[in-house]
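Taken from TrEMBL as is:
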DOMAIN    46-296  domain 'G-protein coupled receptors family 1 profile'
TRANSMEM  31-56  transmembrane segment
TRANSMEM  68-87  transmembrane segment
TRANSMEM  107-125  transmembrane segment
TRANSMEM  146-168  transmembrane segment
TRANSMEM  206-230  transmembrane segment
TRANSMEM  242-266  transmembrane segment
TRANSMEM  278-298  transmembrane segment
Amino acid sequence: MTSEISKSNDTFVRPQTFFVTGFLGMPYSNYYYIFLLFIYILTVLANSLIILLIYVEESLHSPKYVAVVHLAIVDIFASSTVIPRMIHSFLFDAQVITYEACLSDMFFSHFFAAMESFSLIVLAYDRFVAICFPLRYHIIVNHTKMLKILGMAWFLAFMIVGTLVALITRLSFCKSTVVTSYFCDHGPVYHLACNDTYPNFIMARIAMTSVFFAPLTIIICSYAAILNAVLKIASAEGRQKAMLTCTSHLILVAIFYILISGTYIASMISGIHQNARIFNNSLSATIPALLNPIIYTLKTEEILNAVKMRYKRRTAELDTMKH
């Protein structure tokens, strides 16, 4: 696609627009958009319900569930950043996006993906302290400290992604302006530039390492310490109970990082078809946000008990009203 361009000088070219290909040319893509619409609706409903449940149930007012609520909020924002734009592009054939809107899309999409990763680290930290230092848990982790940790995560994500996006503004785009992704993805955008992209390449590697691979390494190390602590528990029942408190988080970690790592490693080692990359990346950006609240509800005993207690109380209230 040829776009109108504005030249600030003879060597620097900044396009007015980009063309985001999305799923053009992908078989049955219209069905996939319908699937994404259902995913988005369910994601917003499921995460809103878990936020509401934790808010109204006093037994869940603990630092751990502050982190769970935070993850649910991030999930809603992450899905809202990606899916509505994809559906809008499909319904209104609106693949053209302005330069400024492209940078904004790039920032928020990567920012909330980073926040999902950092949120999983925070939950891993909570489980690490709870199991390895149970007697000191309420001293080490309280509401104030949890909020500070989450605030640091937002600041770190902002700095990393902000730098990533800011470096795009130094690029000159005198080649194609067609972005082969479903949003203004950093990699496909900076590869379109015709001047030196080495700083962008380095920052992309730094961001990928600090946002995904470093957190995954930290989580693996934390669970190694947790497993060591669990094995020291005398009773089999105690060991089982300790590990059950980690089940939900472990499933979330597996879903989130396997989807991302698989696509990234495949593209680095042997290459991956463009449509497969776009499809896998879109799944990794949308599916975890839906599954997180469902898994936490079904796999966390405290939340299940809270749901049962509220149901019993509601049933009792209705019976009282009838009599």
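Even glycines carry a Cβ here, placed using N, Cα and C.
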* Do at least three C-beta pairs under 8 angstroms join the transmembrane segment (206-230) to the transmembrane segment (107-125), pairs 6 or more apart in sequence? -> yes
* **Per Cβ pairs under 8 Å, the stretch of 68-87, 107-125, 242-266, 278-298 packing most closely against the transmembrane segment (146-168)** => 107-125
* Asked: Who are the long-range neighbours of the transmembrane segment (278-298) in its own chain, taking Cβ under 8 Å and residues 6 or more past its ends?
  -> 22-23, 26, 32, 36, 39-40, 42-43, 46-47, 49-50, 68, 71-72, 75-76, 78-79, 82-83, 86, 109, 113, 116, 180-182, 185, 248, 251-252, 255-256, 259-260, 262-263, 272, 304, 307
* **Spatial neighbours of the transmembrane segment (107-125) far in sequence, C-beta under 8 Å, 6+ residues away** => 64, 67-68, 70-71, 74-75, 77-78, 81-82, 141, 146, 149-150, 153-154, 156-158, 160-162, 164-165, 183-186, 207, 211-212, 215, 218-219, 222-223, 249, 252-253, 256, 285, 288-289
* Which value does the mean pLDDT take for the domain 'G-protein coupled receptors family 1 profile' (46-296) in this predicted structure? -> 89
* Asked: Which sequence positions outside the transmembrane segment (68-87), separated from its termini by at least 6 residues, show Cβ-Cβ distances below 8 Å to it?
  -> 22, 33, 36-37, 39-40, 43-44, 47-48, 50-51, 54-55, 105, 108-109, 112-113, 115-116, 119-120, 122-123, 150, 182-183, 282, 285-286, 288-290, 292-293, 296
